[in-house]
Amino acid sequence: MSPQTETKASVGFKAGVKDYRLTYYTPEYETQDTDILAAFRVSPQPGVPPEEAGAAVAAESSTGTWTSVWTDGLTNLDRYKGRCYNIEPVAGEENQYICYVAYPLDLFEEGSVTNMFTSIVGNVFGFKALRALRLEDLRIPVAYVKTFQGPPHGIQVERDKLNKYGRPLLGCTIKPKLGLSAKNYGRACYECLRGGLDFTKDDENVNSQPFMRWRDRFLFCAEAIYKSQAETGEIKGHYLNATAGTCEEMIKRAVFARELGVPIVMHDYLTGGFTANTSLSQYCRDNGLLLHIHVAMHAVIDRQKNHGMHFRVLAKALRLSGGDHIHSGTVVGKLEGERDITLGFVDLLRDDYTEKDRCRGIFFTQSWVSTPGVLPVASGGIHVWHMPALTEIFGDDSVLQFGGGTLGHPWGNAPGAVANRVALEACVQARNEGRDLAREGNTIIREAAKWSPELAAACEVWKEIKFEFPAMDTI
């Protein structure tokens, strides 16, 4: 063997495959304030020890690969590697473990949710040694939080822009979601807004289809906003969906919305992508637009209990990427959402600081420092009988969005909006008077219906409508 090709053990590199746990399982590690911490629910393949599975997650989502490579000697792996520092079995589940992994901050580009997720929830989710893998929670260190702009404006600035305080905001998604012409769509918006709603909304499917091009929709909705504002004396808005096939087209639509003088635009942030969302959020901050975020596609990622990513992680990512509203489930409506878990990530959206609380699924204490809060949006299968529960569960800093619960009113859109506004005002007044909304909710609605024929009609239509299915995702 020639000197040029000879290898020596003393060089420090030995080819071959070694157990991940020898390098990446470090139970003695003390986490740093600057580490990104992740809690993974790991289901190893039969015969794979949990320590090896947890170490494999840490390795494959940071510096590791399947074999030893000589270029490991050209860097400081102890500085850059992820570390599985704790493993605990999941109570009541066989062969499932919560594996805690710490990532040094230098692994991630500043201000990039895209880069963070590419590492933490990248190829490792297809790793054969694991039957399933789910990211349950992240702790984003303050040092990394400060590299993001966050929401364009936040809760307090939005209230100041709208001049609306002391109650949840009311919205409505226009139905049918597809097929209306732009003029009829604008008419539906106008009827809802003049009836007492604060917002109407494009459905997530509405972009720029042959039956209704985006520019026509924007124009007719702007007309509805200004006409209803003139009649009611209240500031109104419509979530104009700027989501498009390219970032350039998305920004063009947002620019047109700004030129029309409307207060808010909308983005489907998962189908549109985090890079596009962050760009739109920064444009909205610079140009005074509020940004409503829809979560279409989230259930593909978060619905399964043992694989994917929990919605609380998506919510944290959105607060970093930027959005003033985000759909968060209803607890009482037609969409998935267990109460304690939902309130856990609602607090993560709104509060500056959230303590670790495993009873609500919060694995880490999280500080958002000066990052503005995000309004949770309760939407999906809700109607006037749900109003007391929604007011009690979500409080004032929320948006309650009734699509079918407005447009399905037997007398039309405007009476449907009146019914929802009367029900909301009655619940807020009762709460402020010290009444128990959880116990007296139905009585409060019936009392208000005596003075509002619109509410009485709504109560009759939806008196037996319930969505009582168990949540799939529980603690």
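Glycine is no exception: its Cβ is also placed from the backbone N, Cα and C atoms.
The N-acetylproline annotation in Swiss-Prot covers P3. What Swiss-Prot records for K14 is N6,N6,N6-trimethyllysine. Under the heading substrate binding site, Swiss-Prot lists N123, T173, K177, H327, S379, citing sequence analysis as support. For K175, H294, the entry in Swiss-Prot reads active site, proton acceptor, with the evidence type sequence analysis. The annotation Mg(2+) binding site is assigned in Swiss-Prot to K201, D203, E204. The N6-carboxylysine feature in Swiss-Prot is assigned to K201. Taken from Swiss-Prot, the feature site 'Transition state stabilizer' applies to K334.
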What residues, ordered by sequence, lie under 8 A Cβ-to-Cβ from H294 (active site, proton acceptor) and sit at least six positions away in the same chain?
E204, N241, M266, H267, D268, Y269, H327
Pull out the binding-site residues from the set N123, D203, S379 whose C-alpha sits within 10 Å of the C-alpha of K175 (active site, proton acceptor).
D203
K175, K177: which of these recorded positions has the highest Cβ count within 10 Å of its own Cβ?
K175
List nothing but the one residue from N123, T173, S379 whose Cβ has the fewest other Cβ atoms within 10 Å; the candidates are the binding-site residues.
N123
So if I draw a 10 Å sphere around the Cβ of H327 (substrate binding site), how many other Cβ atoms end up inside it?
21
What is the Cβ neighbour count of K201 (Mg(2+) binding site) at a 10 Å cut-off, with all protein chains included?
28
Translate the DSSP assignment of H294 (active site, proton acceptor) into the three-state scheme.
strand
Across the listed substrate-binding residues, N123, T173, K177, H327, S379, what is the farthest Cα to Cα distance, given in whole Å?
37
Would you mind reading off the Cα separation of N123 (substrate binding site) from K201 (Mg(2+) binding site), to the nearest angstrom?
36
Cα-Cα separation of K201 (Mg(2+) binding site) and T173 (substrate binding site), in Å?
5
Neighbour count first, Cβ atoms within 10 Å, every protein chain included; then name which of D203, E204 tops the list of binding-site residues.
E204
